[in-house]
């Protein structure tokens, strides 16, 4: 019945157009158009045969105008020079379908096509466009409705084994019926169907989908059309109601379940057709005008022929307007303008599928295609059909070996790299002053790291430095308070106070290493450290030389004491210190230390430190301190066994031993410590050596002064064998 109904409606549409033209006084006046009707019986071979039979009846140039053939192959004028159509070419539909699939994020789809020119050409164009848009086809199969069951089963097996949930089709309705049956038989559900104009807006296809296999289907259809008077004409079949009209008779018998010319052999329960049955009084497929867009194409095709005859123009230059105001023209390929509607099958209510249709027209003030697709999106439940989930921010795509480009793994960006674009194939490295955050989706400014007063290590070192300064001040106060006692006056009290002053500077200079490095602090910290320590060691060396020379002065005929008086001791301290000052001045003049941002030690931090400027200058300062320390230690070591109840050389030897040990271990620790820890190592070395000198040289004397005052006498200090000069 469906084939009869469709064919009969196509005939009615053509007759309506011919009748209008023949009744027109403007188009082909005094000329009446005739017609011949051939039934193609849904057969390509028969369709070609009847078309050739119709063409053979003409002796002039023949133009074949189609209302339903969409294959892009027919646009090739070298093969089909006389072909025109009033339905858009699949060249546009295939690309539009690819854009539709891309919009909904379906990058992993299956494809099923008819094994004919319509399916193969349409799917080839879709595949080409889909690949350009980043859409991958998991499978692409073809079949024909008359194929053996074994081939259909192979297609079903492929679909069962697939992971994609979207099926793009280039099929005729009859092939869709085959798939609906097979999907129901094999219990295949949950697929999103994408269809073409061949079946997506066909009410018969929707009516046959009793098991809701195609629920939610989406696709493109020809725009809705309205031709005034056509529906009424098509339902008024009385001009054809003759039992001698074979086409009418077969259709009428199928439509009303009756028979013309009832005979005795006919089923007695089947009534006889009168030909006057009321078509408008029944609700069936014939009264359904869902294919009005196709009828309108037939209508325009007939009018195209009439206008061509009227203007004596060649077929590819036809241009006219229908009575509804639509422009009709053909381009150089014989194709009309491509216009489509998006169709979505909404879940059926009362068993009837609701076609949700949104028009796409090019008008200045019309909504954009993106907004149209958004409207469709809101009405449908969009499934997910991807080979791999979208790579989130902070990751990049890495293709899976041997699989299509839509199949990939998401790898996290490496440290220092970010990606703030979904599905990106690359990560971007942050600028050298920035670092990636934990999510790897943004670059954040690196933390500036330096030894500050606020952190625990900086606070502890600061406290140690101030404690050492206060301790030195207390010792200086005790020495000043008991400056007239023998133990203070022994071995040049002025050098003792100068030594205490230099030790306080040693403790305080460590504070210049703490805090954010600046140009002045970088120059001050190393030079202050170098000069104060040389001053300190020079004082100790002066005291050591005094002890050593004092005992040599007891030898007969010795006059060395006149060379080591207070003035000479002060000059020696000044001379030794002046050499260090000169080294520091040269260092600061030639290549001074400067603030430096270290990006290499830690990847996620900027180490603010003081670059040495000239490494030679730095090691010259340390080397000079080391030279004096070794010399001082050697002299003290020689004087350690001199007879004396309170031999200061012993304590100096021990203090210098600590000093040298600290600075010998400092060098490898300083070189191997990263960032602010190298600064902390240097401060620790300064404080440790300073405390060593203070404690070893002065604490024993303070103990005698405060706790053993009876020993703080000249007699006790002289001891046996001690020189009187002490």
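Cβ coordinates come from backbone N, Cα and C, glycine included.
If you look up TrEMBL, you'll see 457-721 marked as domain 'G-protein coupled receptors family 3 profile'. Within the model, the domain 'G-protein coupled receptors family 3 profile' (457-721) shows a mean pLDDT value of 83, rounded to a whole number.
Taken from TrEMBL, the feature transmembrane segment applies to 456-482 (among others). Taking Cβ pairs closer than 8 Å, the transmembrane segment (456-482) reaches residues 488, 493, 496-497, 500-501, 503-504, 507-508, 510-511, 514, 680, 683-684, 687, 690-691, 694, 698-699, 701-702, 705-706, 712 in its own chain, all 6 or more past its ends.
Sequence-remote contacts of a segment are chain residues at least 6 beyond its ends whose Cβ falls under 8 Å from one of its Cβ atoms, and for the transmembrane segment (494-515) they are 450-453, 458, 461-462, 465-466, 468-469, 472-473, 475-476, 479-480, 488, 521, 524-525, 528-529, 532-533, 535-536, 539-540, 542-543, 546, 566, 569-570, 573, 679, 682-683, 686-687, 689-690, 693-694, 697-698. As annotated by TrEMBL, transmembrane segment applies to 494-515 (among others).
Residues or ranges marked as transmembrane segment by TrEMBL: 527-551 (among others).
When Cβ-Cβ distances below 8 Å are used as the criterion, the transmembrane segment (571-590) is approached by residues 495, 498, 523, 526-527, 530-531, 534-535, 537-539, 541-542, 545, 613-614, 617-618, 620-621, 624-625, 628 of the same chain, each at least six residues removed from its ends. The annotation transmembrane segment is assigned in TrEMBL to 571-590 (among others).
Here TrEMBL flags 618-639 (among others) as transmembrane segment.
Residues or ranges marked as transmembrane segment in TrEMBL: 651-671 (among others).
Residues or ranges marked as transmembrane segment in TrEMBL: 683-706 (among others).
Counting residues 6+ beyond its ends, the transmembrane segment (618-639) has Cβ neighbours under 8 Å at 526-527, 529-530, 533-534, 537-538, 540-541, 544-545, 547-548, 551, 576, 579-580, 583-584, 587, 593, 612, 647, 649, 652-653, 656-657, 659-660, 663 in the same chain.
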